[in-house]
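Engineer: Pulled from TrEMBL, these are the listed features:
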- A:646-870: domain 'ABC transmembrane type-1' (DOMAIN)
- A:177-196: transmembrane segment (TRANSMEM)
- A:305-326: transmembrane segment (TRANSMEM)
- A:347-368: transmembrane segment (TRANSMEM)
- A:402-420: transmembrane segment (TRANSMEM)
- A:441-460: transmembrane segment (TRANSMEM)
- A:513-534: transmembrane segment (TRANSMEM)
- A:546-567: transmembrane segment (TRANSMEM)
- A:642-671: transmembrane segment (TRANSMEM)
- A:691-711: transmembrane segment (TRANSMEM)
- A:717-734: transmembrane segment (TRANSMEM)
- A:765-786: transmembrane segment (TRANSMEM)
- A:851-873: transmembrane segment (TRANSMEM)
Amino acid sequence: MSDAYATTDRLVSADSNVYDRGLDTAIALSVIGFTLGLVTLVNLVPPGASGSALTTALGTLLAVVVGAVGITGLASYTNVVPVTSQRVRGIGLGLVVSTLALTALAAVLPVTMATLLGIVLLAEALAITAAGVSSRLELVDTEPNMSAGLLSGGALGAVGLAMGAAVGGALTGSGSLLWLVGAVVAGVGLFLLAILPREDLGSTLPTAIVVGALGLTIVTGTIGVGWQWNPQTLSGGFTGGAVIPVFLLVGTLLSAWSAAKCRAGFGARGREYGAFLVINLNAFLMVAVMATIVVFVTIKGVGYAVHGLSVGALTALVLLTPALLAAVQFARTPAGTNDWNAGARQLFRVLPLAAIGALAAMFASVLVTGTPLRYAYDYTVQVNRQGQALDTAIAVTPDTSIGTLLLIAPALLLAVTFFRSFGSLRNVGTQSERADSVRQAVPTVVLGLVVLIGFFLVFGPAPFGFPLNETLAFAAVVAGSVAAGGLAVSPLVGVLASDGPTLAESAQREAPLFTLGVFGGLGLLLATLLLQPVAGINPRVGPVNLVPAVALGAAVASLALATLTTVAKRSSEETITRRLLTEETRLGLVGAAGFTALVGLHVAVTGTSFNVLGVSIANEGSLSWPMVMQAYIPLGAEPGGIMPAIIGTVWLVVGATLFAVPLGVGAAVFLTEYAEQGQFTALVEIATNALWSTPSIVFGLFGAAFLIPRLGGDESLLAGMLVLGFMLLPLVLITSRESIKAVPDEYRDASAALGVTQWETIKSVVLPAAMPGVITGVILGVGRIAGETAPLILVLGSTLNATAAVDVIDGFRFVSGPPFIANDALLTASASLPTQVWAVIAAGVSGSPQMGWATAFILLMVVLTFYAVGITARTYFRRKLNYE
Amino acid sequence: MSDSINTETSTDTETNGEQTVTTASPSAETTAGESDERVREEWRQYEFAGDAKLSVENLDVWYGDDHALKDVSMEIPENSVTALIGPSGCGKSTYLRCLNRMNDRIKAARIDGSVELEGTEIYDPNANLVELRKRIGMVFQSPNPFPKSIRENISYGPRKHGDINKGLLARLFGRDDTEKEGALVERSLKQAALWDEVSDRLDDNALGLSGGQQQRLCIARCLAVDPEVILMDEPASALDPIATSKIEDLVEELSKDYTVVIVTHNMQQAARISDQTAVFLTGGELVEYDDTDKIFENPESQRVEDYITGKFG
Ligand SMILES: Nc1ncnc2c1ncn2[C@@H]1O[C@H](COP(=O)(O)OP(=O)(O)OP(=O)(O)O)[C@@H](O)[C@H]1O
Ligand SMILES: [Mg+2]
């Protein structure tokens with residue numbers, strides 16, 4: 001209340017602080033109880049767990065809560081995330097206090113998880129009753145209505161009805177109708193209790209009765225873990241393991257609602273806060289369902305999938321840093337209006353920050369203490385055979401090459417700033433002619449290098465038998481390095497050559513060059529670094545490894561410039577120049593960081609050390625691929641990998657998308673922009689909808705009976721691509737059509753009035769505007785086809801545990817007769833993730849069940865990656881269409 | 001009614017008007033007016049020195065069965081501002097759209113009659129619509145910039161017409177017109193009096209501009225194609241007085257080199273900026289067309305006078 005009524009100038013009585021904090025804790029406790037209910041429901045922690053197992057589980061929860069609240073609090077303290085709301089702080093505190101209390105309880109008393117949950121419900125009931133009564137006795141300032149209202153009464157009555165029926169039924173046994181009496185009594189009783197008294201009692205007492213009854217049932221063991229009920233009218237039954245979590249979900253939802261109402265002082269505000277909490281917990285449930293699937297598959301599969309993966313703690317930390325920075329950035333952007341629930345929303349915003357921060361802290365502790373983290377999974381999946389437990393573990397090994405830390409951590413930090421400042425570059429640099437000419441050179445050179453890299457990727461380092469890597473590539477790498485250095489140094493030269501009277505003025509005049517130096521140097525260096533491993537060369541001048549040396553040189557040059565501009569800025573007066581220079585300073589700094597980061601990443605990823613002037617930077621063996629990411633090794637001691645299946649699935653999706661998107665979008669354009677709306681378009685619509693609902697096995701049969709005889713007679717990758725493409729087609733068509741229709745006619749009119757033809761208009765105005773919708777369709781469709789199994793079994797071939805991946809890129813060759821270009825790889829059978837999962841788990845063909853789960857996990861990751869790509873593309877187009 | 005004869009023969013319209021107002025119901029007045037116009041063909045025959053840029057003859061437009069424009073004939077002189085005024089729904093927009101064949105885009109519309117641009121029939125079945133709309137540009141009633149950057153909005157037309165080449169291919173072939181584009185964008189925006197406001201954010205999305213800025217951007221976009229005639233449909237209808245006056249200044253400026261036809265609901269605006277004014281009244285008729293001064297000071301038709309003084313429409 002204290003902050004809820006801060007604006008109304010009402011006197012807040014002394015004890016209302018206790019009231020507020022108490023209710024904050026009650027709300028926090030319901031949130032934790034809800035979470036624990038979910039955890040128990042999916043059996044992450046079994047309801048019967050007790051003793052050290054329970055304490056450990058709660059200890060983990062405590063660690064997570066303390067970590068999250070702690071980091072958020074820290075961020076709030078340092079003003080990264082301004083959490084000003086009393087209520088949010090109170091709930092944060094409540095979260096810590098109540099988790100602590102639960103953990104202590106579990107450690108001291110010999111309770112099971114189920115009992116603990118019952119205690120949670122009882123505590124909730126007590127807290128709510130106390131709050132309601134103290135409000136009724138006017139010990140605190142509240143603004144209750146005359147009644148809790150029919151809606152609340154109805155809901156509580158319904159809960160009472162159900163409970164009464166259950167209790168009545170259990171007491172009297174089946175066959176009698178007496179349970180009806182219990183149901184009616186309980187239902188009507190609760191209903192009346194809710195609507196008759198004033199709101200503060202009406203919305204607390206009935207809730208407390210329900211929650212307390214649920215809690216008592218659990219604590220007294222009336223419904224224990226081993227409890228079972230098999231009504232004769234049903235074929236199935238209920239077990240305590242399933243009922244207790246459900247009780248908990250219902251109970252905590254109710255008590256959260258009630259406590260939130262009390263906390264906001266009843267009345268309109270109370271109703272709003274109550275609804276907000278319930279809706280949020282419900283949404284949380286939605287997310288939890290999705291998360292459960294992902295978590296379940298991950299738990300089953302990740303152990304095997306990462307078997308053999310080992311990451312240096314430093315590498316892990318470094319890889320985590322951008323995520324942490326992104327999360328900070330996300331949390332910093334304003335959360336919208338400053339209304340009553342902004343604080344709560346902010347809490348949701350900072351959750352990723354907290355999660356990533358906790359991970360980072362974990363890796364840091366490994367780094368400091370030297371104790372590796374081990375996750376040991378011990379599980380058996382009994383499908384067809386006895387699963388043997390593997391010693392799967394994620395070993396995070398500490399790594400003490402401090403040089404790398406010094407190199408990479410600040411570099412990444414600054415690199416992020418660099419990319420954030422990217423937008424400011426557009427307006428910089430119109431003043432200088434020199435800058436213009438350099439600007440034109442940069443894309444040309446970069447394009448050339450990219451083409452060169454592509455060339456090497458396609459034809460290898462020795463195309464047509466010419467050992468180009470000895471000559472051309474060497475020259476290119478050297479030229480790239482030199483150009484990168486040159487560009488990076490160019491601002492320095494520019495400033496020195498400039499005829500401004502003072503250094504500051506020269507720097508101002510040449511400010512645009514700094515941008516180019518940073519950008520050009522970075523771009524060229526990146527290209528060169530890419531080229532270097534592809535071309536298989538490593539240019540050295542004497543003992544110096546050229547590329548990293550140039551990178552270091554460029555970084556130093558940029559730093560020098562940054563210093564220079566800082567000096568210049570100090571003596572400059574004009575505001576525009578100052579602005580420019582501020583940006584340039586930052587750019588110089590982050591440019592330097594970018595270079596350094598590149599070198600660091602180069603070392604971290606490839607593991608190759610390098611020497612510059614006697615300083616050696618190495619990080620050997622900090623990343624080794626997990627076994628599952630390799631090809632299957634038929635006779636090896638280690639179980640085989642699934643790389644060929646991953647590649648097969650990726651190719652299938654790429655091929656299907658390449659087939660379906662142009663066709664689908666083209667048809668959508670025709671139907672919306674050219675065809676007269678009439679029977680034909682209606683027919684097409686019906687056909688597409690029908691196609692979309694056609695079972696996938698039918699597509700498979702069609703592929704097997706129609707496509708395969710026409711595509712060389714054998715199951716093949718191409719047939720798989722086409723069949724999946726046919727499945728994707730209708731969705732792409734439908735969504736594209738809708739989004740093209742949604743493009744306003746004003747755009748078309750405006751374009752037509754400028755004398756632009758219809759096709760040009762479609763190409764340059766309509767399609768870009770419809771792009772986000774089209775991409776949404778593709779995202780949804782890819783999600784469907786990537787995991788499609790049935791048709792693939794029929795058309796892709798049953799290559800399981802393949803020892804080699806299909807090599808589509810190398811498969812292309814020119815032939816003298818039509819069709820002039822052929823690709824044998826497309827016409828061979830291939831492995832794919834879904835068929836592999838099916839074969840291993842369901843059909844029991846070769847490989848252990850763990851292998852199947854690992855494969856499923858990887859499949860999930862592949863699909864999520866496709867999602868991520870699609871969503872990024874959609875966000876990009878949305879940004880482009882809407883002003884920022 | 002006897003008034004009709006009276007009006008037809010007498011020049012004393014003043015008396016007539018008073019009589020109508022005092023003695024007749026509104027419907028009677030209209031009947032009187034209609035019979036009154038029917039015989040006064042010459043009120044629409046506007047005589048001017050110089051060439052007609054556009055000449056419209058016996059133009060009829062139907063939307064389905066709805067006869068939206070009735071037998072309009074009108075000659076529009078070169079390098080001048082012609083205002084079209086009249087009550088809502090009388091067919092001004094319809095008429096304007098006929099002039100660059102934007103009505104072709106409305107499926108229900110059927111057009112009969114002839115429109116000539118410098119003596120060439122634009123409703124010729126072989127007419128080149130692209131060329132026509134390049135020569136006759138249009139600014140719409142509500143601003144409709146593309147969801148692209150300000151720069152791209154301006155250079156959109158010229159790029160599509162191949163006057164400006166940009167991008168990777170153009171650069172490869174050494175025909176990159178970035179400079180030319182920059183100059184064109186600057187010129188068009190300056191013409192539309194928008195340059196000072198947006199010169200430092202040409203690459204921002206145009207949807208981020210204010211309504212008035214968007215409208216001026218649309219004018220700049222139209223000017224970038226370098227048309228001969230500019231059709232404007234209430235370009236200032238959604239703007240505040242300052243933005244409106246900017247657009248008015250702009251129109252006056254444009255009339256030196258362009259032929260401007262502008263629809264407006266604002267009498268003062270029409271009086272201020274136009275050289276000649278055409279008055280349409282309900283039913284899609286062109287009632288009177290003359291020098292703006294004449295129309296506003298001493299219109300021939302009683303109905304026009306009523307409309308202008310706010311008694312009708
Ligand atoms: N696309 C269309 N389909 C059918 N009827 C139309 C269409 N456009 C206009 N009309 C009709 O034609 C008549 C003239 O419309 P028009 O838009 O030309 O009026 P206006 O003089 O521009 O009115 P305003 O001043 O309100 O813009 C109106 O009766 C209108 O209902
Ligand atoms: Mg109109």
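Numbers here mean position along the shown chain, with the first residue as 1.
Backbone N, Cα and C define each Cβ position, glycine as well.
Since this is a predicted model, take the numbers as computed values, not measurements.
I would like each feature placed in context: is it buried or exposed, what are its neighbours, and how far apart are things?
Structural biologist: Nonlocal intrachain contacts for the transmembrane segment (A:691-711), taken as residues 6+ away from its ends with a CB within less than 8 angstroms of a stretch CB, comprise 718-720, 722-723, 726-727, 729-731, 734, 788, 790-795, 827.
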Engineer: May I ask whether the transmembrane segment (A:177-196) has at least three C-beta pairs under 8 Å with the transmembrane segment (A:851-873), counting pairs 6 or more apart in sequence?
Structural biologist: no
Engineer: State the residues, same chain only, that lie 6 or more residues beyond the ends of the transmembrane segment (A:717-734) and have a CB under 8 A from a CB inside it; answer 'none' if no residue qualifies.
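Structural biologist: Long-range Cβ neighbours of the transmembrane segment (A:717-734): 648, 651-653, 655-661, 663-665, 667-668, 688-689, 691-692, 696, 699-700, 702-703, 707-708, 711, 774, 777-778, 780-782, 784-785, 788, 791-792, 795-796, 806, 808, 825-830, 832.
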Engineer: Same chain only, please: residues at least 6 beyond the ends of the transmembrane segment (A:765-786) with a C-beta under 8 Å from a C-beta of the stretch. Say none if there are none.
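Structural biologist: Those are 649, 652-653, 656-657, 660-661, 664-665, 669, 673, 724, 727-728, 731-732, 734-736, 738-740, 742-743, 747-748, 751, 834, 859, 862-863, 866-867, 870-871, 873-874, 877-878, 880-881, in sequence order.
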